Amino acid sequence: MYVLKNGQVLNASGELENKDVLIQNGKVNLIADSIEVTSGEEFDATGKLIAPGFIDVHVHLREPGGEHKETILTGTQAAARGGYTTICSMPNTKPVPDSKEVMESLQAKIKETAKVRVLPYASITTSLGTDELVDFEALKEAGAFAFTDDGVGVQLAGTMYEAMKRAAALDMAIVAHCEDNSLIYGGVVHDGIFAEKEGLKGIPNIAESVQIARDVLLAEAAGCHYHVCHISTKESVRVVRDAKRAGIRVTAEVSPHHLILDEEAIPGNDGNWKMNPPLRSKEDRAALLEGLLDGTIDFIATDHAPHAAEEKNVPMEQAAFGIVGLETAFPLLYTHFVKTNEWTLKQLIDWMTVKPAECFKLPYGKLEEGSVADIVVLDLEKEANIDPATFYSKGKNTPFVGETCIGWPVATFSEGTLVYNEGEIK
């Protein structure tokens, strides 16, 4: 049992209120002006914000098969440090969770080593990237969160349509990395100013938006919940906006780096700035920000993609795609958008908690009496530089090295258990 004393919580209007919070038996038992500590532990939250634990539906934990990049343990330690209490792990592992047996093995490993809640995706196709569909029903029974072939787009419309029909029958979501392989052209960055300056092959916007346009029509026909991963282009935002207006059940996420950066920020041919989707144009970034504010884009997800140093500290042509994000998402977004008065604090918290929970019908993301005690304590005055040497993640690959941020998670509770406190994993 914990009593979080002298903290602040956000009310429904987005105003800060001074409150104590009682955690008992893994639940939020009481939120009140003052709670007397008669037993259990007192946690001093003076001057700090007590918020729901963050939810990230797009995380690469790499285990099994990629343990040199990340493990379930290190990835969930990174999540705890970043204030995340629920993360959803992508299936581009070896082996791929494309069968009941692999999924059950993965679930056992999660139970054994994870520091926070991990909800694993199953793949859509066998081995991830084939045209043979997995056994959707068996994988749902084994605990799959949803179905995705993240890392590659499902190339054949017929394959995707059949997958959507099967998912719809089980009330499960299809989550899509949208990329038409015939439109990538071997690109490593966005097909724009930076690619031209550096003489690099570029990935055009249509590689993403064309597949989203196809998929929203398939989702309408199948009656499926279709979720777009890491949306990055103005055309994609337009397609999703139109689909929502038409009543199609489509949701979308955006990553912190696509909100903060565009191609003009890239300092040179540095593998730590290579990600998929790539950093797009200023116009694309503006469309993403507009889409998030008007509800076209539903929430924020990191696409945490750790790699070993030798896979990133090379030119872009040779580097792996992806950057880490779990440990830096909140401070970056708070610094860039809340401190500059572009967003309210409540908007940011909602996009990292209740919005993803609502989209995927998860019973998390709220701080109220009776809710699961997934909690992050945030010091909104704390100032620190982003230093990969301090990361719990094995991946140190971030373009934000050295950036000064204000507003950091200082403690994280997962189902009432203190898993991170003042720089230490418990």
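Note that Cβ sites are derived from N, Cα and C of the backbone, with glycine treated the same way.
Among His177, His190, only His177 appears in Swiss-Prot as part of the Zn(2+) 2 site alongside Asp150, His230. Between the candidates Asp294, Asp298, Asp303, Asp350, Swiss-Prot assigns the Zn(2+) 1 site shared with His58, His60, Asp150 to Asp303. Binding of substrate is attributed by Swiss-Prot to His60, Leu61, Arg62, Asn92, Asn276, Phe321, Gly322, and within the candidate set His258, His307 the record adds His307 to that site. Of the chain residues outside the Zn(2+) 2 site list Asp150, His177, His230, His58, Met90, Thr148, Gly151, Val175, Ala176, Cys178, Cys229, Asn276, Asp303 have their Cβ within 8 Å of the site's Cβ mean position.
DSSP assigns Gly322 (substrate binding site) to coil in the three-state reduction, outside any helix or strand. Cα to Cα, Phe321 (substrate binding site) and Asp303 (active site) are separated by 11 Å. For Asp303 (active site), the nearest neighbour among the binding-site residues His58, Asp150, Asn276, judged by Cα separation, is His58.
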